[in-house]
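Q: Can you keep this structure in mind? I'll have questions shortly.
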Amino acid sequence: MFFVTMDAYVALEGGRVVEARARAPGQTRGELVFTTAYTGYEESLTDPSYEEQVLTFSYPLIGNYGVRSERFESDGVHPRAVVAHELTDDVAAWLEREGVPAVDRLDTRDLVTRIREEGAMKCGIVAGEDVTPEDALDQLAQCKGMSEHVDIGEQVSVREPATYNPDGSGPDVALIDCGAKGSIVSSLVERGATVHRLPYDATPAEIEAFAPDVLFISNGPGDPENFEATQDLVRELAGEIPMAGICLGQQVIAGALGGETEKMAFGHRGVNQPVRDLRTGRVVMTTQNHGYTVADPGPLDVTQVNVNDDTPEGLESDDLRVITRQYHPEANPGPHDTLSFFDDVLAMTGSRTQVAAD
Ligand SMILES: NC(=O)CC[C@H](N)C(=O)O
């Protein structure tokens, strides 16, 4: 007989408690979401866009090719906790070192079905010796909804500006860090750009000091409406300087220019999300991780849509010189179908006009 000691509990919004096995101890809470990605767990777990969420992997075995820091997208693990059907010892040890609770040996098929039917939900999660179902329910009771995390930008952004590839011969990019993945920086640097990484609440005057050729709004966690300072910046500089955005960046730019965003039921998280370009009819496979979407693109044209649910995946405006993507063209993890986005962004810089002085 094969016995597994159950020493972890996951309390779901509504009060149901699911038993599991502790793989990294701790007690925490967050919005329970799932990814269908079957590869790229190191990248997902270090993606700042997962801040304040509990990440469930629908793929049953996570960790089968080890843990290598070269693949990390930031300095630490961002989900509050991790749920999988089976986590390898390597991943469990890494999460324990990072102080991130992790559980496995629960029916993730059932959990994912529930999230698909009821939407992303609050959860409490406890793992380790002596934890009880009541502890998990206590955590659940303290769990905030994603949109209630009003200071989430502060949690994930750089404190001080940083410059990458200072002697580059390419364009200067002002990257507004709302929780940027490292491979957005490297995708730009590889193409010769100099990247000035700036806090999410950088002011127009701070941007102008760098005289950048393009303003690039990064990915990031939570509700784009909570990035008011970033939206103000976009509004202020719109039309003055070309702009690009990825994921939260698309949402912030659309919201700032008069459009609207809304929460999705369970979002898109995975590495095989099909996207159709409306101009060419071509479909590409994309990597995604988002729970909000653009509901109204404002003055921007929708140029790409998700094949599954028609939500906007690409927004553009020739007049305003804006180009954004809802998916992750930096492709870490891949597929690599959409890397040319970075070439398109840098190509926009040829048409730069002077940034207006205050
Ligand atoms: N990856 C991201 O930038 C996520 C965007 C936003 N936080 C969302 O969940 O929709």
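Backbone N, Cα and C define each Cβ position, glycine as well.
Keep in mind it's a predicted model, so treat the numbers as computed, not measured.
Grabbed the feature section from TrEMBL, which reads as follows:
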- 1-171: region 'CPSase' (REGION)
- 6-126: domain 'Carbamoyl-phosphate synthase small subunit N-terminal' (DOMAIN)
- SER49, GLY220, GLY222, LEU248, GLN251, ASN289, GLY291, TYR292: L-glutamine binding site (BINDING)
- CYS247: active site, nucleophile (ACT_SITE)
- HIS328: active site (ACT_SITE)
- GLU330: active site (ACT_SITE)
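Set these features in their place in the structure for me.
A: The 10 Å shell around the Cβ of GLY291 (L-glutamine binding site) contains 22 further Cβ atoms across the protein chains shown.
The Cβ neighbour count for CYS247 (active site, nucleophile), using a 10 Å radius and every protein chain shown, is 29.
Sequence-distant neighbours of HIS328 (active site) (same chain, 6+ apart, CB under 8 A from its CB) are LYS181, ASN219, ILE246, CYS247, THR286, THR287, GLN288, ASN289.
GLU330 (active site) falls within neither a helix nor a strand when secondary structure is assigned with DSSP, and so counts as coil.
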Q: Can you work out the mean pLDDT of the predicted model over the region 'CPSase' (1-171)?
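A: On average, pLDDT over the region 'CPSase' (1-171) sits at 96.
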Q: Sequence gap of 6 or more, C-beta under 8 Å: which same-chain residues meet both conditions with respect to GLN251 (L-glutamine binding site)?
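A: Looking at Cβ-Cβ distances below 8 Å from GLN251 (L-glutamine binding site), excluding near sequence neighbours, one finds PRO224, GLY245, THR261, HIS290, TYR292, THR293, VAL294, GLN326.
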Q: Going by DSSP, is TYR292 (L-glutamine binding site) part of a helix, a strand, or coil?
A: strand
Q: Rounded to an integer, what is the Cα-Cα distance in Å between GLU330 (active site) and GLY222 (L-glutamine binding site)?
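A: Cα of GLU330 (active site) to Cα of GLY222 (L-glutamine binding site) measures 20 Å after rounding.
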